[in-house]
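*Asks:* My structure is below; once you've seen it, I'll send some questions.
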Amino acid sequence: MDALPPRGESELPTDILGAARDGLAAVRVRRPRIHCITNTVAQAFTANALLALGAVPSMTTAPDEIAAFAGGADGLLVNLGTLEPERRAVIRTAIEAASAAGRPFLLDPVFIDRSAGRAAFARDLAALGPAAIRGNGAEIAVLDTDADALALRLGTVVAATGETDLVTDGRRLAAVANGHPLMARVTAMGCAGAAITTAFIAVGEDAFTATAAAMVVLGIAGERAAETARGPGSFASAYLDALYALEADDIAARARVTSPSQGEAS
Ligand SMILES: Nc1ncnc2c1ncn2[C@@H]1O[C@H](COP(=O)(O)OP(=O)(O)OP(=O)(O)O)[C@@H](O)[C@H]1O
Ligand SMILES: Cc1ncsc1CCO
Ligand SMILES: [Mg+2]
């Protein structure tokens with residue numbers, strides 16, 4: 001670690017705010033195609049969240065089509081939430097196709113804290129060069145003792161989500177405090193957030209900045225949705241509306257990003 005620059009030195013939170021604003025605009029203009037191998041619980045909400053944001057989802061897991069879909073997309077999401085044998089069997093083919101096409105993939109290691117076999121599979125996938133790994137704190141903790149070590153060891157970006165989202169590439173660290181407790185009362189909010197993050201990485205220059213920017217955007221959408229929601233049900237639809245309506249001014253006004261060596265950016 002001695003050879004590394006101090007955390008935060010090479011990345012200003014203001015860069016993340018700019019990346020959130022620019023990333024949102026780029027997703028809406030470029031409409032990246034995101035292929036999602038994701039769990040059966042999250043599929044429809046994830047597809048709707050990508051569409052609301054401006055991206056274009058596809059979700060097939062058919063063995064004879066997976067290489068064409070993953071290789072032709074701008075980014076690939078691999079989510080382990082419902083890891084039936086059929087879904088497990090196509091994941092490597094999808095990653096190989098995306099990687100051969102020079103497209104990023106993001107790993108969401110759902111519930112690896114519940115199953116040793118799933119954790120072992122996730123470790124194998126994590127070694128295949130994901131642009132980012134996003135999981136809740138408990139899931140990330142299964143992969144390494146801390147997110148920085150994991151990011152450095154694999155040369156990837158790690159987002160450990162929860163009340164505060166921590167994003168690191170091992171050298172830079174951002175803490176994103178945006179979000180709302182109702183986000184934890186609707187299933188697949190993290191899964192959809194990982195798909196949104198894949199879209200930001202697909203249109204971004206730098207996976208760390210893009211991942212932190214995505215956390216800002218989805219957290220602010222959650223805050224806006226909570227203003228009109230009456231509970232989890234109306235929150236889910238208000239969240240899609242908020243992704244659709246989000247403007248650059250909302251980001252400037254609401255972003256709460258810190259990095260350890262600097263103060264709050266907003
Ligand atoms: N208590 C909270 N306060 C504010 N924001 C929260 C809270 N809990 C979750 N969030 C937001 O919700 C997003 C999803 O995070 P979470 O860690 O709950 O995902 P998850 O456990 O993977 O969810 P799922 O598996 O249901 O998709 C986070 O990025 C964060 O912005
Ligand atoms: C509830 C649930 N079970 C498997 S995946 C999933 C969605 C949240 O990760
Ligand atoms: Mg999850």
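Here the Cβ of each residue, glycine as well, is placed from N, Cα and C on the backbone.
If you look up TrEMBL, you'll see MET59, ALA188 marked as substrate binding site. Annotation source TrEMBL lists ATP binding site at ARG134, THR161.
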*Asks:* If you count Cβ atoms within 10 Å of each one, which of the binding-site residues ARG134, ALA188 comes out on top?
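*Replies:* Of the binding-site residues ARG134, ALA188, the highest Cβ count within 10 Å belongs to ARG134.
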*Asks:* In sequence order, what residues of the same chain, 6+ apart, have a Cβ less than 8 Å from the Cβ of MET59 (substrate binding site)?
*Replies:* HIS35, CYS36, ILE37, THR38, GLN43, THR46, ALA47
*Asks:* Write down the Cα-Cα distance for ALA188 (substrate binding site) and ARG134 (ATP binding site), rounded and given in Å.
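*Replies:* Taking the Cα atoms only, ARG134 (ATP binding site) lies 13 Å from ALA188 (substrate binding site).
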*Asks:* Just to verify a number: CA distance, ALA188 (substrate binding site) to THR161 (ATP binding site), in angstrom, no decimals.
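*Replies:* The separation of the Cα atoms works out to 13 Å.
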*Asks:* Using Cβ atoms only, which residues of the same chain lie under 8 Å from THR161 (ATP binding site) while being at least 6 residues apart in sequence?
*Replies:* ARG134, GLY135, ASN136, GLY137, GLY190, GLY193, MET215
*Asks:* Under a threshold of 6 Å between Cβ and any atom of ligand 2, which of the binding-site residues MET59, ARG134, THR161 are retained?
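*Replies:* What lies within reach of ligand 2, judged by Cβ under 6 Å, is none of the binding-site residues.
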*Asks:* MET59, ARG134, THR161, ALA188: which of these binding-site residues put a Cβ within less than 6 Å of any ligand 1 atom?
*Replies:* THR161, ALA188
